[in-house]
Structures are given as C-alpha cells and as structure tokens.
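Novice: Sharing a structure with you now.
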Amino acid sequence: MKANFSLATISKNITSSLHVGFVNISSNESTFNCSHKPSDKHLDAIPVLYYIIFGVGFLVNTIVVTLFCCQKGPKKVSSIYIFNLAVADLLLLATLPLWATYYSHRYDWIFGPVMCKVFGSFLTLNMFASIFFITCMSVDRYQSVIYPFLSQRRNPWQASYIVPLVWCMACLSSLPTFYFRDVRTIEYLGVNACIMAFPPEKYAQWSAGIALMKNILGFIIPLIFIATCYFGIRKHLLKTNSYGKNRITRDQVLKMAAAVVLAFIICWLPFHVLTFLDALAWMGVINSCEVIAVIDLALPFAILLGFTNSCINPFLYCFVGNRFQQKLRRVFRVPITWLQGKRENGSCGKSSSFREMETFVS
C-alpha cells in the first residue's frame, strides 16, 4: 500500500512507532538532514528477547488468572485488581510474537493492514490498562494500611465499578492508535511498515501530541499516584512502634513498597524519556543527528524493558504472598481460616494497621 507520505515523514515515523532511523527529518519549525541509512545490527537480539519475555510472562500471568478463576467464595478487592492486571499483561504479551517477527523482518509487516491496526491498538490498550491497574492497586493498598477500619468495609461491588472504568480509560487512550495505525510502503527501506499514518500536513503536531499524551497518561500521572501512596505507607509505618513479628511485617511491607515504585520507574522511565525526546525532535527543539541516532538505537531496548514489567508484576503483587503459596499448594481453604484466627487470638497488642499490613504481604 502506497501513500503520499514523504520519505522524511515515514522514516521518522517508524522510529516513533516501532522504530527505525530518522532520515531527512523535517518539521514546520526546523529542517535538517540525517542522510545515512541507520545500522540495524542491534536488532538481531530483539526477537529472541521478545520470545523470552513472552514465554516467562505468559506462564506466570496464566498461573495468576487460573488461581483466581479456581478460587471459591467472594473475591477480595485487591484480588480483583490483581486478576485484571494479569489479564491486561497477558493480552499485551500475546502481541509480542508478531512484533518479534516484525523486528526479525527489519520492520517489514507481513500480516496485513487489519492485523497491523488491531494488534497495534491491542498493544497500546493493554499497556495503558496494565499501568492503570497498577495505580489502582497502589491506592487500594494505601487505603488498607492508612485507613484499616474503612478499608474493611470494601466490597467487591466497589471494584466492579472501578474495573470497567479503568478499561474504558485504556480504550480511550488507545483510540488514536486504532484510528491512525496502518501499513505504508517505504521504498527507501524496501518494507511495508506498520506505522502511525498521521496526515502529512500535520504530521509533526500529531506525533508530538501523541508522544506527550503517552508521557502524561502512561507515566507521569500514574507515577505521582504510585509514589505518593507508597511513600505515604512508608511514612505511616515508620511512625508506628513495632516489635518482634510486627517489625518483621513492617520491614517486609517497606521493602515491597520500594520494590513496586522502583520496578515501575526502571521499566518505564527509559521509554518515556526517549518518547519525550522524540516529541522535542518533532517540535524542532532537538535537531541533532547524533541525538536522533541515540534515540533510534535505544528505543527498541527501552520498549523491551517496558514489556518486562508485565513479567515481574505477578512477583511483585502475588507470588511473594503466603496466601498465593497456599493456593498454589491447593491447601489454602482451611489454613487461611486457621491463620486468620491465630493472628486475631494471638496478637491482642496488634493495631488494625498491622493486621492490614499482614494482608498486604500475604
């Protein structure tokens, strides 16, 4: 499929969308020439790494979904969020084999325009859904530790309102991808690329706008909520006098809180920094071929790092808990009741905050 896109516009778009070099880039504000064809040797390892992430992530998230579906009785609010997070991560990871093939063919999309649009939108939708559910879980954990009495009144029906809202927000965030994603022929590279086919006359504006939207909705706002909640938990727990088992539980919670924040930052910060630099390039603020080359080289690996977040989420939110381990051994029904009774009967000196803390790490 051919289109009236300039070589400059298309070549830069592949880097922005899924990701080859910038060639003869121009915008309304600036014009500069990076005429060499970029090396793609660094892409050789990407497909293999994608398949590794797909295999590991699909396995661990399938375990989470299976255990949730097999669980009898009412579901906890936190469990509902974990389940939806695992579903979003599974759907995101399911697209990786296609993108691995895309990389192995050096950005030559062989699956047709419909699959390009569908799987491009699918990837964006579930990326946002995963990040939004991580944010919801952070708020839920903050409430359970800071306001334990109020949090005990939480019912699954409350999550039944929040979960559809989160999925709707993710769908709305992915609408530009669904509308613009298409296959375009790039004669310079000899490929049919799956790209964001913005109107040529407004290409720079659209590209910069979408990049900034990803930064704000996909990183800045969620990070504010996540960091605020977990730093609030840390501040609250450090004020609480704790001894013996309470102290061990508190330290576990603090470590988990730090791990969640650090994992989110490590996995997504590189991608969003490069996305922001890309937006600056479209706006004409950056016009250095050297900087463009760095973005071109680093973007595939930054995206790869972002996908690893879907692999480690089950470990951060589920696998470390005692209750998950009990479920995995298929003996959780009686032991959980006994354990809860033991906690209440054998810990008269515990505050409600520390009982909620034990739920946090269980």
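A Cβ is built for glycine as well, from the same backbone N, Cα and C atoms used for every other residue.
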Novice: Name the residue from Cys168, Cys171, Cys194 that Swiss-Prot records as disulfide-bonded to Cys116.
Specialist: Cys194
Novice: Do Phe111 and Val285 end up on the same side of the membrane, going by Swiss-Prot?
Specialist: yes
Novice: Restricting to CB pairs under 8 Å, which listed stretch, 45-69, 80-103, 114-139, 159-180, 257-280, is in contact most with the transmembrane segment (206-231)?
Specialist: 257-280
Novice: Counting only residues 6+ away from its ends, which parts of the chain sit with a Cβ under 8 Å from the transmembrane segment (159-180)?
Specialist: 77, 80-81, 84, 88, 117, 120-121, 123-126, 128-129, 132-133, 136, 196-198, 206, 210, 213, 217-218
Novice: Do the transmembrane segment (114-139) and the transmembrane segment (294-319) come close, with at least three CB pairs under 8 A (pairs 6 or more apart in sequence)?
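Specialist: Contact confirmed: at least 3 Cβ pairs fall under 8 Å.
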Novice: Out of Cys116, Cys194, Cys289, which of the disulfide-bonded residues has the smallest number of neighbouring Cβ atoms within 10 Å?
Specialist: Cys289
Novice: Using a Cβ cut-off under 8 Å, which residues of the same chain at least 6 positions beyond either end of the transmembrane segment (80-103) come close to it?
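Specialist: Distant contacts of the transmembrane segment (80-103): 18, 43, 46-47, 50-51, 53-54, 57-58, 61-62, 64-65, 68, 109-111, 115, 119, 122-123, 125-127, 129-130, 133-134, 136-137, 140, 156, 159-160, 163, 166-167, 170, 194, 300, 307, 310, 313-314, 317-318.
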Novice: Determine, from DSSP, whether Cys194 (disulfide bond) sits in helix, strand or coil.
Specialist: strand
